[in-house]
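**Student:** Quick one: the structure is below, questions incoming.
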């Protein structure tokens, strides 16, 4: 139901495609602003604040990790009490304050080290006070992202009846494809316009432009308030999950019945968290079923359950669903770890290579990520317009393939991205050696920067499969009342992946420092290609792990009620038809990745 209890007549005037410009504009500007300074932050930290390369690389990945961790908190807040609209609004304002602070820090001379002559071998690094200002601004943007990222996708999905098969089947463009398409467009614009401004105009405007864009996105999002369907929060999912664990532990010695039918059910209690249908009992993780066994003292005199002693089957299955999702959710972590070098080491590689398009124009190093964005855009278009229709002829599924299959294809493609990175680095160092440039790190190596294009493009294609499939899996398999939290899990995987990238860099640096440092400031003398081979091997192991998890995954069973008796109803297109009888749908591998077929 809507938060303000609007009538059905008024609700017909809410939601739908008319809300997408307001909602996706907010996500677009968040990604535009984040990418605008994140993609080239390694340059800002090394050239403007004069950090060592390893420290700067870790600062970038730590920032990415924090920005992707805060969404789990934002998702819980939205699902518990604040609702998605207000969580997005407050998060956007906090993000805007952070962007304004970054712009000011880039403009005021006192917040940066004094200018340094390029002929000096060592320049003064940023002071602790200057770094503190920078980190506080980045913290504000990270907290703001925590309100935006987990809620925009779920809030956008709220505007459609995506769980209704006829409604979903009429969508010519899959909602999740549209969501990631907008993200890729934001990346593309940021990597061209913003990065060019940072490199050729100045960092003040380079940070200022994303801040201005974020201001207008906040205004646009709030203006769309009357058009939105605003779902009422279902209460803290974390509390419900904890209640199930506590109740199951308390009854750990209670004998579980062989027949699940006596387990406690309460449709009225679960009505607010199961509007699309209740979860059905499964024969996995049966220890948790004890939480739904009713014993003396589990209910009040009014008949209502003591929720720390007794849970419904639906609530038990909510916890089971989350636990079953974790192994597959975790595979996205290493993909992010493998990609983290595209914002650090790959940028330094590009800076050492010939970046001329014309005699006077050079491609900014950070703009190499444009090939990832372009590849993702083209990959999404190809997937939706070519791949799915062709696959449908063979699989007979509306989605062509399941989201688990889509994720597997993305993971396999991603391996070739790091393999390409290793091969190109071998070539780049060979050219540097042939021209006697191994010890001249500030001299351009005479090899075109476009040699780096394959690794970026392959990674973008992998994202078009893996990231979209990953988000769709989390949204579909998460309990209905935890959709914001499910989206936050996606960003949590990104967060852990970035922290893993930092850990991997630290471990590699420490273990190789005394035996030919792989990751030294002079990348011509380093062994960056060894690092890429290491990441490639980890990705092969990750793919094998995923195949095993996907093979044994059990999809959530969902009861879907349509109408108790055949009658005349009005469908989504306004035509009168016969209502169908109440039936039960169990999600299995056959219909995973598409709407439930009734």
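Even glycines carry a Cβ here, placed using N, Cα and C.
Keep in mind that TrEMBL annotations are predicted by a computer and have not been checked by a curator.
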**Student:** Which stretch does TrEMBL mark as transmembrane segment, out of 340-358, 511-529, 530-548?
**Tutor:** 530-548
**Student:** Under 8 Å, at least three CB pairs between the transmembrane segment (176-197) and the transmembrane segment (445-468) (pairs 6 or more apart)?
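**Tutor:** Yes, the transmembrane segment (176-197) and the transmembrane segment (445-468) are in contact.
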**Student:** Using a Cβ cut-off of under 8 Å, list the residues of the same chain at least 6 residues beyond the transmembrane segment (530-548) that approach it.
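**Tutor:** Distal contacts: 328, 331, 334-335, 337-338, 341, 345, 407-408, 411-412, 414-415, 418-419, 421-422, 425, 504, 508, 518-519.
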**Student:** Excluding the flanking five residues on each side, which residues at least 6 beyond the ends of the transmembrane segment (203-228) place their CB within less than 8 Å of a CB in that stretch?
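**Tutor:** Tertiary neighbours of the transmembrane segment (203-228) are 13-15, 18-19, 21-23, 25-26, 28-30, 32-34, 36-37, 40, 44, 48, 85, 88-89, 92-93, 95-96, 99-100, 102-103, 106-107, 155, 158-159, 190, 193-195, 197.
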